[in-house]
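Chemist: Please find one structure pasted underneath; my questions will follow.
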Amino acid sequence: ACTGIENIDEAITLLEQNNWDLVAAINGVIPQENGILQSEYGVETLHGPAYGPSSHSTASSSPSSSSAFRHVVPSRQIVERQPRMLDFRVEYRDRNVDVVLEDSSTVGDIKHILENELQIPASKMLLKGWKTGDVDDSTVLKSLHLPKNNSLYVLTPDLPPPSSSHSGALQESLNQNFMLIVTHREVQREYNLNFSGSSTIQEVKRNVYDLTSIPVRHQLWEGWPPSATDDSMTLAVSGLTFPCHRLTVGRRSSPVQTREQSEEQCTDVHMVSDSDGDDFEDATEFGVDDGEMFGVASSALRKSPMMPENAENEGDALLQFTAEFSSRYGDCHPVYFIGSLEAAFQEAFYGKARDRKLLAIYLHHDESVLTNVFCSQMLCAESIVSYLSQNFITWAWDMTKEANRARFLTMCTRHFGSVVAQTIRTQKTDQFPLFLIIMGRRSSNEVLNVIQGNTTVDELMMRLMAAMEIFSAQQQEDIKDEDKREARENVKREQDEAYRISLEADRAKREAQEREMAEQFRLEQIRKEQEEEREAIRLSLEQSLPPEPKEESTESVSKLRIRTPSGEFFERRFLASSKLQVVFDFVASKGYPWEEYKLLGTFPRRDVTQLDPNKSLLEVKLYPQETLFLEAKE
């Protein structure tokens with residue numbers, strides 16, 4: 001209405017260039033000497049000098065006008081569309097390079113800039129991180145429909161990794177301690193803070209928040225090195241002076257203003273001519289409604305939805321939700337669980353009792369007037385983010401699209417019952433966003449609290465803490481029950497182990513007995529075989545003996561009397577011409593083989609078994625009679 005710009009893309013570009021300051025953006029496209037907004041009360045503006053004295057007479061000449069606005073048509077040169085600038089943060093190993101280009105440039109132009117900065121041939125680079133699929137060096141950036149701020153990374157698979165000496169130096173820097181002397185500008189107070197080189201800039205800012213009560217997003221710093229461009233960067237690589245570095249922090253002016261300040265500024269820039277209730281009745285003459293005029297979130301200005309409609313995979317939908325949430329409200333936000341609702345249940349409720357957490361379900365709605373305030377001021381408050389990350393598993397869903405809304409209500413009915421689903425179904429759009437606090441029970445999941453968007457940070461924290469108290473009491477009972485159950489299971493395991501060991505011992509004993517019996521049986525078999533063999537030899541020798549000569553035989557006969565080790569005697573007659581071997585065979589036939597026993601004479605004592613067995617009894621002087629005795633060999 002004020003500038004004559006009808007192209008939405010051009011308007012958004014101008015707003016981005018002025019950090020979404022509406023008055024500054026309008027001042028930037030309309031000649032300052034003409035003025036942009038005039039009223040009958042004066043010509044001063046919030047930014048810069050007065051536009052000129054002629055506006056008073058102009059306003060006075062039209063007292064019958066019911067609107068405070070006057071449409072000023074800018075010159076053609078001023079409303080021509082300026083080229084849109086894109087910011088790229090490119091990461092390569094341990095370096096970050098910032099590249100700013102017009103959207104009419106190509107991907108190859110980025111590589112040429114990186115070639116000079118990184119000293120890497122463009123042909124060796126693989127530029128990754130594009131949200132679209134097919135991107136080559138000739139692709140024009142405008143065709144990719146990129147946001148203003150983009151993050152990319154470079155891969156160089158054909159180049160060798162950095163030398164180990166550099167890695168060693170970096171590791172040494174990470175182990176160093178930095179002394180940061182931080183001056184709080186408003187109260188003129190210094191803090192001496194010690195941080196390791198592995199600490200990040202974000203951790204420093206959060207510690208300063210604890211000391212100064214200045215939230216990170218409102219901190220205005222001086223003294224950081226030019227290379228410290230990313231809060232996730234460690235102090236070792238940020239370029240700080242070692243071992244001591246001075247910094248200054250102050251509070252950034254808050255964009256949230258009181259109603260009185262807003263009314264005062266409106267009077268200063270002459271957006272309001274009087275307070276009779278007709279201030280904006282003519283705004284619709286220029287095709288602008290209240291939401292578009294004052295930057296209230298509207299669907300026409302959004303670049304992309306929080307979540308795709310009819311998403312097949314809940315994990316992919318949550319990835320887009322997280323990325324879009326970060327682009328809208330910054331990186332300080334709850335860590336959303338990436339996965340299905342069932343997977344979130346498993347993570348929160350079905351681990352060990354000590355590891356269980358509450359489940360927080362955030363239901364987003366882009367068409368609610370409370371969404372932006374709830375997300376930026378409450379859900380992204382550092383105290384809320386910290387408390388959620390420590391005690392909750394946070395899962396999110398976008399209820400803006402009807403298909404996504406119906407899908408969540410189906411999941412809600414399946415997991416929580418129809419009563420909870422009906423409660424969410426009856427919530428009006430302006431009551432969103434919703435925050436559901438879920439606690440896992442033994443047999444079901446219980447909804448402890450449903451928090452609507454019209455709340456404050458303190459009230460939200462109190463309700464989270466109240467839910468945590470209920471959960472902690474239940475968790476202590478679950479821990480006791482789990483400890484008792486584990487104790488019973490341990491006793492049972494010990495008993496089972498003792499029983500197993502007893503069975504093993506019995507089985508080993510039984511196997512030993514079986515082995516012993518088998519060995520005895522084997523030895524008995526050997527003994528029997530040996531006895532049978534000896535008996536067969538004895539019988540063979542007995543049968544091979546010549547017949548015993550009779551007493552009345554005419555041949556010379558030798559009578560031998562043999563005493564056994566047991567004291568028994570047996571006698572036999574042999575021909576004097578018989579060989580000594582015949583006597584040995586006779587003794588062996590009685591069970592005394594000459595290999596085991598020796599045959600001894602009495603007078604004189606001699607070992608007959610040592611004599612030549614082929615000699616006759618007459619030759620060995622065993623004639624006409626002799627008494628011999630058997631003795632076992634050693």
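Backbone N, Cα and C define each Cβ position, glycine as well.
What TrEMBL says about a protein is an automatic prediction, not a curated fact.
Okay, these came from TrEMBL:
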- 53-68: compositional bias 'Low complexity' (COMPBIAS)
- 553-630: domain 'UBX' (DOMAIN)
- 47-69: region 'Disordered' (REGION)
- 539-559: region 'Disordered' (REGION)
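Describe the structural surroundings of these features, if you would.
Modeler: Nonlocal intrachain contacts for the region 'Disordered' (539-559), taken as residues 6+ away from its ends with a CB within less than 8 angstroms of a stretch CB, comprise 571-578, 582, 585-586, 588-589, 617-618, 622-626.
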Chemist: Quick one: average pLDDT across the domain 'UBX' (553-630), no decimals.
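Modeler: Here the mean pLDDT over the domain 'UBX' (553-630) amounts to 89.
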Chemist: Per DSSP, what is the helix/strand/coil residue tally across the region 'Disordered' (539-559)?
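Modeler: Split by secondary structure, the region 'Disordered' (539-559) comes out as 6 helix, 3 strand, 12 coil.
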